[in-house]
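Novice: Below is a structure I'd like to ask you about.
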Amino acid sequence: MSGPDLRRAAAARALDLVEPGMRLGLGTGSTAAAFVALLGERVRAGLDIVGVPTSEATRAQAESLGIRLATLDEQPELDLTIDGADEVDDRLRLIKGGGAALLREKIVACASRRMVVIADAAKHVARLGAFPLPVEVNPFGLKATHRAVEAAVAGAGCSGDVRLRAQADGKPLVTDGGHYILDARLGAIPDPEALGAALWAVPGVVEHGLFLGIADAAILAAARDGQAEVTVLGSLT
């Protein structure tokens, strides 16, 4: 069973949580895109919801599927956000931001009554950190901020390197908000809360990809005997 099949299985389970009239946060990334695709099918069948996208890519996909959209200013309180994750641990702490949408993803998730993560079960880890931690930064004073982020990482008991994320042409990747991304390749994060606090203390940091105390549940899909087996961390209610 392929990765797309597992993503679709997790997304299908999340779709069961959607009720008519809901205000939904729509995540970013391949697994979130699978959910948006299924949501579009339900909308075409008559489901009435409004979605708030977390990126321009998600906005474009949702619009192409006929999903009614609003901005977060128009719908500042959401019922549910469905989004993917790069890593999730047993305490529902996440690393997100591989798709460079972490700032909007976190804003939307925190404006929601509930956030549910959907992912391939391979994203479930004992300790966060194998996936590079994205840190969104202001372009102004980039070198100074880069050095300060490296110091913050070391001060939080982590080791590794911090690299500016680049596009294929070698130029810095620019987020939808006009910021850059520093990827902290740490291997393991012994204390995510300490690292999050240390990164927040750096003036040039706009947001980091540690989502702590935000997710209510994670729907994880794994291949078993040629079928998708879906399990849940946390509570879906």
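For all residues, glycine too, the Cβ spot is worked out from N, Cα and C.
Reproduced below are the annotations present in Swiss-Prot:
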ACT_SITE  Glu105  active site, proton acceptor
BINDING   Thr28, Gly29, Ser30, Thr31, Asp83, Gly84, Ala85, Asp86, Lys96, Gly97, Gly98, Gly99, Lys123  substrate binding site
Novice: Would you count the other C-beta atoms found within 10 angstroms of the C-beta of the residue listed as 'active site, proton acceptor' for me?
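Specialist: Its Cβ has 32 other Cβ atoms within 10 Å.
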Novice: Determine the C-alpha span of the substrate site listed in the record, that is the greatest distance between any two of Thr28, Gly29, Ser30, Thr31, Asp83, Gly84, Ala85, Asp86, Lys96, Gly97, Gly98, Gly99, Lys123, in Å to the nearest whole number.
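Specialist: That value is 16 Å for the farthest Cα pair.
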Novice: Would you mind reading off the Cα separation of Ser30 (substrate binding site) from the residue listed as 'active site, proton acceptor', to the nearest angstrom?
Specialist: 14
Novice: For Thr28 (substrate binding site), what is the secondary structure state per DSSP, taken as helix, strand or coil?
Specialist: coil
Novice: Within 8 Å of the Cβ centroid of the substrate site residues Thr28, Gly29, Ser30, Thr31, Asp83, Gly84, Ala85, Asp86, Lys96, Gly97, Gly98, Gly99, Lys123, which other residues of the same chain have their Cβ?
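Specialist: Filtered neighbour residues, in order: Gly27, Ala32, Glu105, Ala119.
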Novice: Let me spell it out: for each of the binding-site residues (Thr28, Ser30), count the other Cβ atoms within 10 Å of that residue's Cβ, using every protein chain shown. Which one has the most?
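Specialist: Counting Cβ neighbours within 10 Å, the top one is Thr28.
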Novice: Which secondary structure state does DSSP assign to Asp83 (substrate binding site), in the simple three-class scheme?
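Specialist: For Asp83 (substrate binding site) - judged by DSSP and reduced to three states - the answer is strand.
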Novice: Can you tell which of Lys96, Lys123 has the least company, meaning the fewest other C-beta atoms within 10 angstroms of its C-beta, among these binding-site residues?
Specialist: Lys123
